[in-house]
Every structure is written in C-alpha cells, then in structure tokens.
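A.B. asks: For THR18, GLU37, GLN45, TYR50, VAL90, PHE124, ASP285, SER326, the entry in Swiss-Prot reads FAD binding site.
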Amino acid sequence: MTENQKVYDITIIGGGPTGLFTAFYGGMRQASVKIIESLPQLGGQLSALYPEKYIYDVAGFPKVRAQELVDNLKEQMKKFDPTVCLEEAVDTLEKQADGIFKLVTNKQTHYSKSVIITAGNGAFQPRRLELEGTAKYEKKNLHYFVDDMNKFAGRRVVVFGGGDSAVDWTMMLEPIADKVTIAHRRDKFRAHEHSVESLMNSRAEVSTPYVPVELIGDDTIEQVVLQHVKTEEKIIIDVDDVIVNYGFVSSLGPIKNWGLDIQKNSILVNSKMETNIPGIYAAGDICTYEGKVKLIACGFGEAPTAVNNAKAYFDPNAKLQPMHSSSMF
C-alpha cells in the first residue's frame with residue numbers, strides 16, 4: 001500500500017438501494033465511505049431493469065417510481081459525499097495481517113477497515129447483442145444502460161427487447177425522441193399488460209416479430225437491418241441510437257471465493273449483519289438468516305444494523321447505539 005492510498009472506514013460493495021442507504025448511514029456515523037459498483041450507474045436493478053415501475057412497499061411512500069426512489073437515495077447520501085467507483089467489479093477480498101481489508105477490482109486496489117456487501121443478487125451484466133462487430137459501437141451509440149434520457153432528445157432510437165425494461169424505456173423515450181421503434185422477436189410482448197396497451201396506443205413504432213441481423217455504420221451505428229422471423233423479409237431503419245434490453249445475467253461470481261459462509265447463493269449473517277469473517281458485513285438481498293425476507297424495505301432496516309456494528313468493530317470506543325437523526329442536523 002502506498003502512502004496516497006486512503007484506507008476507508010467502510011467500503012460498500014454494491015450500489016443498489018440498500019447500498020445507497022448504507023452509504024448515507026455510514027456518513028451519519030461520521031465514517032469515511034466508499035461505494036464500489038460494477039454497473040455504469042448507481043441504483044442496481046431498480047435503475048437497470050424497471051426504472052418506471054412503481055414500488056408500493058417502501059415505508060412512507062404510498063407508491064414511488066423505482067428511479068425516483070434511487071434519485072432520492074442518491075440525493076440523501078450526497079450530504080456526506082461518499083466516494084463512488086463505477087464499472088468496477090471486486091475480484092478478490094482478503095483481510096491482511098494488519099486487519100485492513102484489501103479489495104482488488106478490475107481497475108484498481110482499495111483498502112478499508114470494514115466491508116459491507118450489498119450486492120443484491122450478485123454482480124449482473126447485460127445480455128449483449130450477438131452480432132459481428134457490435135463491440136466497436138459500445139459507449140458510442142449502442143447502449144445497454146440509460147443514465148440520462150435527455151441525451152436522446154430529438155434523436156431516432158431503436159429499442160431491442162420484449163420485456164418490461166424494453167417497453168418501459170420505449171415509453172420513456174416516446175415523448176422526447178424524434179422517433180422510437182421497438183423490435184421484438186415474438187408477436188407478443190412479455191411486459192405487463194397495461195404497459196403493452198400504453199405502448200400500442202403511443203406513437204412508437206412496433207416491429208414484431210423481427211430480429212436484428214446487421215448494424216451498419218463506420219464509427220457509429222447509422223442503420224439497423226431487421227429480419228422478419230417467419231418470412232425472412234428484411235427492413236432497414238435509419239437510427240441515431242440503439243438500446244438493447246435483453247435482460248441481465250447475475251451471479252455471485254468471485255464472492256464465492258472470499259471465504260464467506262454461503263447458503264443457497266446468499267451470504268449467511270448473524271443478528272449484527274456480520275458474516276463469518278469479523279469486519280465483513282452484508283445487508284439486503286445478498287444476505288440470509290433465519291426468517292430472512294428479501295424486500296427493499298428489509299434492506300433499509302439491515303443497513304443501519306450493519307453500519308453501527310461495523311463502526312463498533314473498527315472503532316471500539318464508538319457507541320453501538322447512535323443518536324437520533326432529528327437531533328443531529
């Protein structure tokens with residue numbers, strides 16, 4: 001470890017809703033906090049899979065859009081300005097002889113006094129478009145994630161996919177894009193009936209059953225070639241952007257190699273949210289214990305327990321029971 005590599009009090013693996021609230025609460029306990037997230041954006045599955053869906057079982061909200069909840073959590077944690085590392089997947093996690101945890105990602109090495117794993121169902125990556133030469137368009141105008149809808153304003157967009165995410169993104173783009181087309185390989189969409197009805201009544205163009213067979217363009221995609229699944233008829237669409245929503249593949253991945261007790265693809269914790277390795281905690285859907293319920297609301301309750309016990313771990317003089325937030329600001 002070099003002198004300029006800061007040792008954080010708490011490093012959080014996973015930037016979904018539980019991870020974001022964990023970061024806020026870590027700030028409440030005056031801890032230095034870092035979040036490491038494998039995706040290009042915070043919010044986990046809420047942002048990546050169903051940003052426009054309503055959530056009804058979060059305390060205090062009769063209903064709240066998934067992305068709105070994420071935005072509120074991000075705004076909440078900004079009060080303490082945690083360090084955020086995006087597009088980083090943790091490969092190895094080990095406890096050194098001095099008690100400091102060393103986390104090696106695909107980009108760099110991090111050091112921390114404690115670790116809280118809030119990785120949901122594990123690291124997940126998008127199912128990519130399996131066409132020759134697609135890689136050169138990524139991070140240009142071939143998108144697997146959408147972090148800013150406004151960049152599609154006035155542009156011609158094609159969405160590939162037939163599930164909730166594909167239909168949601170199409171409906172979000174419909175009022176701001178110049179033209180939006182959704183192409184699905186089946187006649188019927190797998191999305192919620194109400195969403196499909198809204199899609200059919202919108203100005204979005206629907207191409208079914210079609211599959212993409214070619215992307216045309218030198219530096220960026222300029223045209224998409226779609227082929228009818230049954231007749232093999234081909235059509236060419238002029239585009240400015242392509243969004244692929246073929247779903248995601250998730251797995252615990254390297255987490256299984258960190259020496260943690262794993263039960264049915266979840267990390268076993270005790271009532272302190274502590275794993276079998278002192279100093280490593282877990283919260284949210286990634287963890288399990290007797291009576292565990294996998295809900296966002298439960299993750300929000302587990303986060304303070306993990307943080308307070310982590311604080312007591314790396315600072316034995318700290319009180320486990322914190323002050324009430326109403327008396328702190």
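These residue numbers are counts, starting from 1, taken along the chain as shown.
Just so it is clear, glycine is given a Cβ too, placed from its N, Cα and C backbone atoms.
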A.B. asks: Sorted by position, what residues of the same chain at least six away from PHE124 (FAD binding site) have a C-beta under 8 A from it?
C.D. replies: SER38, LEU39, GLN45, ALA48, PHE248, VAL249, SER250, SER251
A.B. asks: Of all the binding-site residues given, THR18, GLN45, SER326, which residue's CB has the most CB neighbours within 10 A?
C.D. replies: THR18
A.B. asks: According to DSSP, does VAL90 (FAD binding site) fall in a helix, a strand, or coil?
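C.D. replies: Looking at the DSSP assignment, VAL90 (FAD binding site) belongs to a strand.
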